[in-house]
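Straight from TrEMBL, here's the annotation block:
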- 530-723: domain 'STAS' (DOMAIN)
- 100-127: transmembrane segment (TRANSMEM)
- 133-150: transmembrane segment (TRANSMEM)
- 183-210: transmembrane segment (TRANSMEM)
- 248-279: transmembrane segment (TRANSMEM)
- 299-318: transmembrane segment (TRANSMEM)
- 338-360: transmembrane segment (TRANSMEM)
- 417-437: transmembrane segment (TRANSMEM)
- 474-506: transmembrane segment (TRANSMEM)
Amino acid sequence: MEHTQEHEACLEQTRRYCVERPIYNQELLQGQLHRRERTPQTLRQKIAHSCRCSSKKAKSHLYSFLPILKWLPRYPVKEYLLGDIISGISTGVMQLPQGLAYALLAAVPPVFGLYSSFYPVFLYTFFGTSKHISIGTFAVISMMVGGVAVRQVPDEITSVGYNSTNVTDSFDYHERDTKRVQVAVTLAFLSGIIQLCLGLLRFGFVAIYLTEPLVRGFTTAAAVHVFTSQLKYLLGIKTNRYSGPLSVVYSIAAVLSKITTTNIAALIVGLTCIVLLLIGKEINLRFKKQLPVPIPMEIIVVIIGTGVSAGMNLSQSYGVDIVGSIPQGLRPPAVPEIQLIPAIFVDAIAIAIVGFSMAVSMAKIFALKHGYTIDGNQELIALGICNSVGSFFQSFSITCSMSRSLVQESTGGKTQIAGALSSVMVLLVIVAIGYLFEPLPQTVLAAIVMVNLKGMFKQFGDIAHFWRTSKVELAIWVVAFVASLFLGLDYGLLTAVAFAMITVIYRTQSPQYRILGQIPDTDIYCDVEDYEEVKEYPGIKIFQANTSLYFANSESYTGALKKKTGVDPCAILAARRKAQKRHAREIKAASQLRKKAVLKLTNDVEAGVKHEIANDELPVNGKFASADASVQDTSPDEHEHFVEPKTNIHSLILDFAPVNFVDSVGAKTLKTIIKEYKEVGVCVCIASCSGPVMSELTRLNFFDNTVTRESLFHSVHDAVLACQVRDGSASQ
């Protein structure tokens, strides 16, 4: 085996190829090729083609809009059904307590978390393309919804009458919760409509602007928001809920100010649940391969907590806050409050994009792992339908849950059937046994939420990772975290996206500039500063910038070119003009001396001083010695240096392989470079220019009598050989 590997390695080292062809510039290459004729379509033809419908096209659109029609008829019952059933039950067992818990984050009564865990999950089965993600309530989105609900309906509005009778107190809480539900439902409707419109307009690419460091920094800050919001439930104290900038600071300050009123019973129950949940998660992690399904510690904790609360009457005896009334059955559909839309429009956009980004990123991970593809635009449509239709049934905004998705995939889930079965389990709770969870302490739900944040808090390790790999991505992570933490999740997200855009501009304006040289006896060119073997051709400079050429970096491109090549045409021309002026002054001074000498000679002749004329002032070969001496103050070499400053470079090659586009400013800059270097005797060539860039240069009228296609070459090596031939011809 080792001998075979050594033989293959030896063959790879000795393999060679030899190509003999002419030196191609673009003019010569285009003359030998025959371009395919393409008839451009008019706008009317394009519209007519897009509106044309055939049975095949209609079937394709129907399958795209309803993916279930494509995969359900081919569903292998014997292979997939058992795994989907087990996965659906396992996910449903998690869906129930998380739905109740995340409703607290959304600032709505817990039953609305159950509604959000049923309708959207069931709808996604028909419209979604991912087979493994679990749609439903999620901490980050729930926190964003809760922030908007609290901002629109703060506690202060309904605080009047709290100190009067119990009837008034109950009424005020009910009124506040009703208004917050209206805000949350309208927010879900609007975010769903936005997602649906983006999907129909094929705007699935918007998720690329939420880069991974940005999303991870944002979700880490959201985890801190979620954790602080659950402290009051864990400790059993009464504080207002805050939203907007510095809400984390205000929440912590409010909790600390009332820390002396901590309900010890609620704290003990909450801490006990946290310990049990952490032990259960550790067991599931360590014995993942041995366990057929993960231990459902969350539902176990909910059942135990409910039993203990009911048995010991924690609400009446110890003042522990409980979930309270859970209405039995489903609510009739209702239209969201449309008049709230202007006040929550920006928040809806943020929730729509963040929700889609979360879902599509998890969907891509599972699709890559299991060898299938997802449609980003259809995912937008599916989420839009889940949110907008679900809002009519009092569900708030949803997205993919990371923890539930991992459970659904690891327990054998194969298709969307698993998600449908988990929603059916939630439906059974809503319809039949929901009232059994009314004694459940809120501190148990807070414990579930806090423990589920463990994975997000691990993202603080990204700081060390990005410090080693990319300082720019580290900056994006830190800005996303700090902005989202202190400005709130909505303004923090906008700030992070804006900063990420600025880093893109920064990278294009601060690219790496290189001078390339040849690896001897090859047509391969590398950075001369990286390898000792790389050599430059005498008189030829090859310049490369790993960026496109456009208005934002055209000046830095020109400056780097002059610095790297050591040739500044403007400086050379200025020195040349200065030398010419100096030479002209010297000639003028010499001419004046000559005139004075002639005048003196005439006077001496008239005075009869013949011996002085004979010895000192006789012309020698038609020149006077004094005048000649003044002219000869500068040696021929010095005279040539000052009058004609020259460079030791005759050719400059611009490697355009990394260039993706050129705008009008870039084209003008390129033309100016060619003109300026030509004035100092340096010929500029462009190599490895791609087809789209060539088309852009043509459209920008770059080529004319001064700049022709003959100066563009197919490769750097073609340009080098052409420059050598040109220099040899000039020398002869």
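Cβ atoms here come from the backbone N, Cα and C positions, even for glycine.
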Residue list, the transmembrane segment (100-127) vs rest of chain: Cβ under 8 Å, 6 or more residues beyond ends.
65-68, 134-139, 142-143, 145-146, 149-150, 177, 180-181, 184, 226, 229-230, 233, 241, 302, 323-327, 330-331, 378, 381-383, 385-387, 389-390, 393-396, 398, 416-417, 419-420, 422-424, 426-427, 429-430, 434, 437, 440, 442, 445-446, 448-449
Kindly say whether the transmembrane segment (338-360) and the transmembrane segment (183-210) touch, using the definition of 3 or more Cβ pairs under 8 Å where each pair is 6 or more positions apart.
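Yes, the stretches contact each other.
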Taking the transmembrane segment (474-506) as reference, which of 133-150, 183-210, 248-279 has the most Cβ pairs under 8 angstroms?
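When the Cβ pairs under 8 Å are tallied, 133-150 comes out ahead.
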Are the transmembrane segment (133-150) and the transmembrane segment (183-210) near each other by the rule of at least 3 C-beta pairs under 8 angstroms (pairs 6 or more apart)?
yes
Please report, as numbers and ranges, the same-chain residues at least 6 past the borders of the transmembrane segment (417-437) whose CB is under 8 Å from any CB of it.
75, 80-81, 83-85, 87-89, 91-93, 95-96, 99-100, 111, 114-115, 117-119, 121-122, 124-125, 128, 134-135, 302, 306, 323, 326-330, 408
